[in-house]
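The structure appears right after this line, and notes come after that.
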Amino acid sequence: MDGGNQSTVSEFVLLGLGHSWSIQFLLFMIFLLLYLIIVSGNIVIVTLIITDPHLHSPMYFFLANLSFVDMWLSSVTTPKMISDFLRENKTFSFAGCMCQIFFAHFIAASEMVLLVSMAYDRYVAICKPLHYSSIMNLQRCTGLVVSSWTTGFVHAMSHLSMIVQLPFCGPRDIDSFFCDMPLVIKLTCMDSYNLDMLMNVECGVVGITCFILLLISCTYILLSVLQSSRTGASKALSTCSAHVTVVVIFFVPCIFTYVWPLNITSLDKFLAVFYSVFTPLLNPAIYTLRNKEIKKALKRFRSYYVGSQEKV
C-alpha cells in the first residue's frame, strides 16, 4: 500500500447492539454489572494467588496470568460499549479504533497461547508427576508466559500494520459495538477480498494451532490415564472438561468470527459479546469454582482480614 494514501475518515460510527432507549438502558445496566463482576472477580483471584504462599505453584501462576489477561480482554471493548448505551451518537475516533483493534488482537492471541501453556502444565502434572517440579520450573513458566505475550504482540502488530494505512473514504458506519477488524476492512475504498483472506490466514495460524494443541493435550492426558486408577482418571476427566469448555466458549466464537466467518450480522454481534464479555466472566469460574485450594485461600484471606479489622 502506498504510504501517501491517507484516510479521509477521521472517525467511525458504531451502530451498537440496540436502537430503542429502553433496550439500551437495560443493556447498560446488565453489562455494567457484568463488567464490575469480571474486574472484581479477576482481581480477587490475582490477589489471592499473589498473597497466599500455598498458591505459589505453576498452575496458579498461570491462573493468575489468565485472570489478568481476562480482565484486560473485557476492558478493551466493554467500557466503550457501556458508555455508548447512554449516547445518541456512538462515534469513535480513527486513532481510537486502530488502538482497539490492536489491543483486542493482542490480548486475545496472548490468551490463546496462555491457555495452551496451562494445558501443557496439566499434561506434565498428570502424565509425568515425578518430573513435574523439574520440568515446570520458574524459568520455564516465565518463558511460557512471555511467549504468550510476545505471540500476541506480533500477531496484533501484523494486523495493525496491515490496516492502519488503508484508504478509508466512507461509509463510516460499523454495525457492531466495537471496531471489529472484519467490519473495518469492509469500509476501505478498495476490494477487500484479499485483505479478508489474509486476515483469516493470520488469525487461523494462531487460533487453529492453539485449538489443535489444546485438543492434543487433552487426548494425551486421557490416553495416559485411561488404564490408571479411578482417582487419576477422574482428575484427567476434570482437566479435560475444563479444556473442552474453554475451547467452546473462547476458541469457537473467535474461529467463526476471524477464521471462518459466517457473515451473519446478528450472530457476529452475539459471538463478539460472548468472547469479549462472557469468556472473561466464565474462564475464572471454570478454573476456580471446583478448586479446593482457591476456596481455602479465600477462607484464609477472609479470616486474616476479619482478624485485622477486629484488632483495629
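Glycine too: its Cβ is placed from the backbone N, Cα and C atoms.
Automatic prediction, not curation, is the source of TrEMBL annotations.
Lifted from TrEMBL, the feature list:
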{"type": "DOMAIN", "residues": "41-287", "note": "domain 'G-protein coupled receptors family 1 profile'"}
{"type": "TRANSMEM", "residues": "25-50", "note": "transmembrane segment"}
{"type": "TRANSMEM", "residues": "57-73", "note": "transmembrane segment"}
{"type": "TRANSMEM", "residues": "93-120", "note": "transmembrane segment"}
{"type": "TRANSMEM", "residues": "141-158", "note": "transmembrane segment"}
{"type": "TRANSMEM", "residues": "204-225", "note": "transmembrane segment"}
{"type": "TRANSMEM", "residues": "237-260", "note": "transmembrane segment"}
{"type": "TRANSMEM", "residues": "272-290", "note": "transmembrane segment"}
Worksheet item: Is it the case that the transmembrane segment (93-120) and the transmembrane segment (25-50) have 3 or more CB pairs under 8 Å, with pairs at least 6 apart in sequence?
Response: no
Worksheet item: By Cβ distance under 8 Å, which residues at least 6 away from the ends of the transmembrane segment (25-50) in the same chain are close to it?
Response: 17-18, 56, 60-61, 63-64, 67-68, 70-71, 74-75, 78-79, 81-82, 85-86, 277-278, 280-281, 284-285, 288, 294, 297-298, 301
Response to the item:
Rounded mean pLDDT within the domain 'G-protein coupled receptors family 1 profile' (41-287) lands at 86
